[in-house]
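Novice: This is the structure, below, for whatever I ask next.
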Amino acid sequence: MAIALVTGGSRGIGRATALLLAQEGYTVAVNYQQNLHAAQEVMNLITQAGGKAFVLQADISDENQVVAMFTAIDQHDEPLAALVNNAGILFTQCTVENLTAERINRVLSTNVTGYFLCCREAVKRMALKNGGSGGAIVNVSSVASRLGSPGEYVDYAASKGAIDTLTTGLSLEVAAQGIRVNCVRPGFIYTEMHASGGEPGRVDRVKSNIPMQRGGQAEEVAQAIVWLLSDKASYVTGSFIDLAGGK
């Protein structure tokens, strides 16, 4: 069929999305930064179920590594048809007055620059004017982009606000090139990311404030991502789906 690249595909939302895309017939490129074992586990689950997958190591904040990752995809016979920009980082909960430039820049380099670089390389390959066959991109933002994450991680929230704007701008740039660009904004999902923020049980702490009174599962986000990438969403671009239980 075609290749779908999932950045940060070894855990959480990325993992769930990779598994679901394989079920839809994509050959899945599972990107990871550090945990080769986890990425290989995803690949093995896919191949054992009769699907196709391969793993690619890259730190998306590093331009050379991003270019190398897409060059590796070019070596495969199938074209790149889908990009899920999912890799992201989050640091320990902290107020703005205690943030350092180093922390802010690390968050932005992965969560913003990394997304831009992956979009750039995907567009080069998908655009009709470049001989591509079109494609679809889904950026994984966060409901934090409009809630702001006060007292927790405004830096992370701001990085996701940038992704919302990237989605809008890029969708308009490439709509005539056969490329659709959409965005999901998860919130309060049971993933390992909350441990990175220093509070593994955060979802359970805040779920009473969520209108639906529960946290979400990575698979619920994956369903929305896969729909946006599919032909069922063929007239959808520049759109946002919030998956945050009503928040």
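Cβ from N, Cα, C; glycine included.
Swiss-Prot lists these features:
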BINDING   4-28  NADP(+) binding site
BINDING   S142  substrate binding site
ACT_SITE  Y156  active site, proton acceptor
Novice: Please report the distance from the Cα of S142 (substrate binding site) to the Cα of Y156 (active site, proton acceptor), rounded to the nearest angstrom.
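Specialist: Pair distance, Cα basis, whole Å: 9 Å.
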Novice: Could you measure between G12 (NADP(+) binding site) and Y156 (active site, proton acceptor) for me? Cα positions, answer in whole angstrom.
Specialist: 17
Novice: If one looks at the chain holding V28 (NADP(+) binding site), which residues at least 6 apart in sequence have a CB under 8 angstroms from its CB?
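Specialist: When sequence neighbours closer than 6 are ignored, V28 (NADP(+) binding site) has I3, A4, L5, V6, G9, A18, L21, A22, M43, I46, G51, K52, A53, F54 within Cβ distance under 8 Å.
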Novice: Give me the non-local Cβ neighbours of A16 (NADP(+) binding site): same chain, 6+ apart in sequence, Cβ-Cβ under 8 Å, ordered along the sequence.
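Specialist: Set apart from A16 (NADP(+) binding site) by at least 6 residues yet with Cβ under 8 Å, we have Q217, A218, E219, V221, A222.
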Novice: Hey, how far is L20 (NADP(+) binding site) from the residue listed as 'active site, proton acceptor', Cα to Cα, in Å?
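Specialist: Roughly 27 Å, rounded to the nearest whole number.
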Novice: Enumerate same-chain residues with a sequence separation of six or more from the residue listed as 'active site, proton acceptor' and a Cβ-Cβ distance below 8 A; give 'none' if the list is empty.
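Specialist: Counting only residues 6 or more apart in sequence, the Cβ neighbours of the residue listed as 'active site, proton acceptor' under 8 Å are G88, L90, F91, V107, N111, S142, A144, S149.
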Novice: By Cβ count within 10 Å, point out the most packed of the binding-site residues listed: G8, G12.
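Specialist: Its Cβ has the most other Cβ atoms within 10 Å: G8.
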Novice: Can you tell me whether DSSP puts E24 (NADP(+) binding site) in helix, strand or coil?
Specialist: coil
Novice: Going by a 10 angstroms cut-off between Cβ atoms, which of the binding-site residues A4, L20 has the sparsest surroundings?
Specialist: L20
Novice: Among all protein chains shown, how many Cβ atoms are found within 10 Å of the Cβ of the residue listed as 'substrate binding site', not counting that one?
Specialist: 28
